[in-house]
């Protein structure tokens, strides 16, 4: 059971003050518990890839255009290619939230597609919506655009804004993307009950900094 739960979790450490020692510990924990991935800032990708090169079950996930999503599609594409060159096999990109709110759907589509194309056949792409900043209509539109762009997953949150994952948002996202696209719940998930609620609502991946606490039955602290 704990292993099944662990395989859903992106073991996450995205704080600006994370140290090399902490990243190495994150990788060690990911190997011990067999988490789906470690999710880290781009600076640490090369180190994590080196640490995990003998482990075929733990992916190296990083973030693109993070946490605001306000860099250009060209910049996001470069970040993606650079991360993959350094060993990333999954990328979580933040959409252009302003463009979505301005109803510039073609811009949002191009932005997501720039990352999807840069990652094609080399890394999974997860699209972060930052749901706490969006209306339900905007969430639906963002999900539809992510599917149209060819993304592998849609994801709720960066963990750095005003809110995290909710069961309601996961259910909405699952309804819009259908069965063939993954849904990642992230932000504020700190215990097994929260994981189970998200999975029941339709999540197929969980982003959490409290992965060890979740699989061992403790309660994790806040923070991403």
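Each position is counted from 1, following the chain as shown.
Positions of Cβ are set from backbone N, Cα and C atoms, glycine also.
Quick look at what Swiss-Prot lists:
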type: ACT_SITE; residues: 92; note: active site, proton donor/acceptor
type: ACT_SITE; residues: 155; note: active site, schiff-base intermediate with acetaldehyde
type: ACT_SITE; residues: 184; note: active site, proton donor/acceptor
Pairwise Cα distance for residue 92 (active site, proton donor/acceptor)/residue 184 (active site, proton donor/acceptor) [Å, integer]: 10
Number of other Cβ atoms within 10 Å of the Cβ of residue 92 (active site, proton donor/acceptor) across all protein chains: 29
C-alpha spacing of the residue listed as 'active site, schiff-base intermediate with acetaldehyde' relative to residue 184 (active site, proton donor/acceptor), in angstrom: 4
